[in-house]
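Student: Please find one structure pasted underneath; my questions will follow.
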Amino acid sequence: MGSVLLPDLATEIVIPVCAVVGIVFSLVQWVLVSRVKMSSDRIPPSPTNKKNGYNDYLIEEEEGINDHNVVAKCAEIQNAISEGSTSFLFTMYQYVGVFMVAFAILIFLFLGSVESFSTKSQPCTYNPLKMCKPALATAIFSTISFLLGAVTSVVSGFLGMKIATYANARTTLEARKGVGKAFITAFRSGAVMGFLLAANGLLVLYITINLFKLYYGDDWEGLFEAITGYGLGGSSMALFGRVGGGIYTKAADVGADLVGKVERNIPEDDPRNPAVIADNVGDNVGDIAGMGSDLFGSYAESSCAALVVSSISSFGINHEFTAMCYPLLISSVGIIVCLITTLFATDFFEIKAVKEIEPALKKQLIISTILMTGGIAIVSWIALPSSFTIFNFGAQKVVKNWQLFLCVGVGLWAGLIIGFVTEYYTSNAYSPVQDVADSCRTGAATNVIFGLALGYKSVIIPIFAIAISIFVSFSFAAMYGIAVAALGMLSTIATGLAIDAYGPISDNAGGIAEMAGMSHRIRERTDALDAAGNTTAAIGKGFAIGSAALVSLALFGAFVSRAGISTVDVLTPKVFIGLLVGAMLPYWFSAMTMKSVGSAALKMVEEVRRQFNTIPGIMEGTAKPDYATCVKISTDASIKEMIPPGALVMLTPLIVGTLFGVETLSGVLAGSLVSGVQIAISASNTGGAWDNAKKYIEAGASEHARTLGPKGSEPHKAAVIGDTIGDPLKDTSGPSLNILIKLMAVESLVFAPFFATHGGLLFKFF
């Protein structure tokens with residue numbers, strides 16, 4: 001079959017070294033961000049901090065911003081946001097911790113019972129002539145890897161949130177010196193999160209594989225089957241983070257907007273609004289902690305799916321360690337590529353004007369994709385034999401190394417296409433969003449109609465991109481091809497997350513500027529950062545949904561192989577009823593999350609109205625609103641409301657697999673994948689378009705926008721209503737759906753041995 005250029009020892013060094021480099025780089029970025037001081041000490045003018053003949057100190061004097069009060073106020077607001085975020089996440093993790101332990105016990109009992117908790121070695125699933133470790137070992141190690149994945153996911157989300165709340169006020173203070181400084185601070189903070197998450201995910205997975213190998217030895221089939229628990233742990237935590245955080249952030253946002261902007265006519269993030277702190281806390285727990293856990297889950301699952309398939313291919317059978325680690329090597333190169341790409345934004349080029357922000361962020365995506373293509377080519381050349389075989393539903397398919405390079409490449413570039421199509425439909429620089437803004441002339445109803453139509457239309461090209469990448473990668477390398485295509489899409493995860501986290505940090509920075517009473521010029525700068533961040537957040541969601549589609553298909557393939565199904569025949573009633581029910585699940589899930597946001601927002605609106613009506617002096621600014629009550633309403637509502645949608649996703653595969661068997665479950669997985677992807681893309685893009693249509697009218701940057709404005713005009717009020725409807729679509733239902741389709745697939749894969757042995761109880765009686 002041909003040998004590999006990269007020796008096993010080099011692989012064992014390269015992967016952890018790249019992960020450590022990623023962690024060190026993120027710490028360096030954090031140190032650079034922390035240099036922005038939150039105390040109001042005067043900096044004596046020094047010749048080193050001169051810029052264009054002036055030094056920063058003079059510029060600050062000129063803007064009248066070396067004001068002790070402003071800095072102290074920023075620090076106070078930052079503290080309130082940080083405390084709110086931390087207390088919410090701790091409360092959520094207590095509930096999720098109980099679930100984690102309960103589910104870990106379930107995994108152990110279900111998988112252990114496959115061979116009645118026997119400790120004897122068993123014939124291997126795919127090669128009965130060989131003996132493999134007992135099912136009890138798989139049960140124990142799957143449980144351990146589930147807990148590891150869950151803890152890594154929680155830590156990733158928590159660290160991301162901590163960094164964001166650390167950086168938000170620093171971005172506001174840097175905005176006094178110009179938009180370029182503020183951009184670098186926000187982007188560096190995003191990079192801290194991106195690199196920490198990518199490097200941690202890789203390092204923990206690599207260490208786990210090596211520790212498990214001490215027990216499993218040559219039984220790679222059993223080893224990598226046990227590793228799938230890592231992906232399940234990562235995604236199950238992400239589900240609760242995404243749903244809980246999404247309900248929190250949108251309840252506060254909708255409550256703040258409806259009463260503040262529409263009824264009381266006060267600007268966004270006005271300190272007189274009681275829900276304003278809860279709204280800013282929500283950006284961190286939903287968009288940062290939730291998004292971090294979500295993309296970590298995708299990353300862990302695509303790695304696990306690729307490893308499971310390759311363990312039963314020639315790599316695993318012949319024990320070729322370097323080729324086996326191909327998915328991890330791609331991620332390692334991805335960290336180095338993203339590191340170079342980040343320097344382009346922070347060190348090589350400087351942003352001087354507002355109009356350069358969005359192009360700078362887009363260049364990040366393009367540069368990382370181009371560099372990564374070269375990186376994949378090198379890895380495919382040195383880490384793979386020239387020809388090898390890949391498991392393909394019972395047969396072995398011969399694959400060349402250049403074909404695998406194309407599989408990863410096609411996923412990588414499909415991700416970029418999905419990102420740019422999402423941007424076209426959600427950025428107010430292009431006609432789709434401008435048309436939605438224009439429809440506000442005739443009221444909220446036409447705005448809603450145009451926005452929905454835009455969302456449905458925005459599904460077309462991403463679906464074709466996903467379909468083509470599936471066809472190409474499956475034709476070349478069967479299910480392994482699809483798994484590595486998903487990894488390709490996620491290989492630049494560090495840059496993707498940096499861009500993604502940049503949005504909420506800028507949004508918070510704008511809120512802090514407004515609450516601290518900073519000048520109009522500074523608010524304009526933070527708004528410009530935020531508008532660019534809004535579009536890039538939509539691009540990030542596009543990536544997450546596209547990669548989720550590929551990941552869940554790869555997991556679906558691994559599940560079908562593991563469960564011993566030769567073909568999934570849609571014409572058999574068992575499969576068809578599964579398809580119908582599976583296609584319905586995303587609607588049921590979305591209904592739950594939307595209603596949760598609605599009922600939580602209702603409580604928030606009532607509380608904000610109550611405060612405006614009963615606390616004298618709020619509107620005049622002489623009395624301080626009771627922010628803590630609003631924070632408590634959001635926290636309580638999201639903790640209570642995240643449990644039913646979470647239970648729906650986690651219990652469906654268990655119930656279907658146990659009662660109806662693996663064929664019906666394969667139908668459910670296919671149905672939920674097909675309908676979930678469409679709803680997720682349209683919901684995210686509709687919400688993003690309504691948000692940016694509102695911002696387009698508020699900014700009044702073009703002649704057309706000025707005819708619709710200013711703030712408080714009838715078209716603007718119609719745009720605010722559209723934005724409010726879009727909030728739960730783009731930040732709760734849409735992003736959570738990609739976890740639904742991945743999580744059900746990875747859970748089915750982990751429990752596949754049990755379903756194959758004991759599943760289908762109902763059909764056994766008929």
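Cβ from N, Cα, C; glycine included.
Please treat TrEMBL annotations as automatic predictions, because they have not gone through curation.
Sharing the feature lines straight out of TrEMBL:
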- 13-33: transmembrane segment (TRANSMEM)
- 95-114: transmembrane segment (TRANSMEM)
- 134-161: transmembrane segment (TRANSMEM)
- 182-209: transmembrane segment (TRANSMEM)
- 324-345: transmembrane segment (TRANSMEM)
- 365-384: transmembrane segment (TRANSMEM)
- 404-425: transmembrane segment (TRANSMEM)
- 459-487: transmembrane segment (TRANSMEM)
- 543-565: transmembrane segment (TRANSMEM)
- 571-589: transmembrane segment (TRANSMEM)
Student: Hey, which bits of the same chain come close to the transmembrane segment (459-487), Cβ under 8 Å, at least six residues off its ends?
Tutor: 298-299, 302-303, 305-306, 309-310, 313, 326-327, 330-331, 390-393, 397, 399, 403-404, 406-408, 410-411, 414, 417-418, 421-422, 542, 545-547, 549-551, 553-554, 557-558, 561, 677-678, 681-682, 685
Student: Is the transmembrane segment (543-565) packed against any residues at least 6 beyond its ends, judged by a Cβ distance under 8 Å, and which are they?
Tutor: 125, 225, 228, 231, 291, 294-295, 298, 301-302, 304-306, 308-309, 312, 391, 393-394, 411, 414-415, 418-419, 462, 465-466, 469-470, 478-480, 482-483, 485-486, 489-490, 496, 662-663, 665-666, 669-670, 673, 677, 680-681, 684, 734-735, 737-739, 741-742, 744-746, 748-749, 752-753, 755-756
Student: Grab the same-chain neighbours of the transmembrane segment (324-345) for me: Cβ-Cβ under 8 Å, and only residues 6 or more beyond its ends, written as numbers and ranges.
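Tutor: Distant contacts of the transmembrane segment (324-345): 11, 14-15, 18-19, 21-22, 25, 29, 184, 187, 191, 194-195, 198-199, 201-202, 205-206, 220, 299, 302-303, 306-307, 310-311, 315-316, 360-361, 363-364, 367-368, 371-372, 375-376, 378-380, 383-384, 404, 408, 483-484, 487-488, 490-495, 498.
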Student: Going along the chain, which residues at least six beyond the ends of the transmembrane segment (365-384) come within the CB cut-off of under 8 Å?
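Tutor: Same-chain contacts beyond the flanks: 4-6, 11, 322-323, 325-326, 329-330, 333-334, 336-338, 340-341, 344, 401-402, 404-405, 408-409, 412-413, 415-416, 419-420, 488, 491-492, 495-496, 499, 539.
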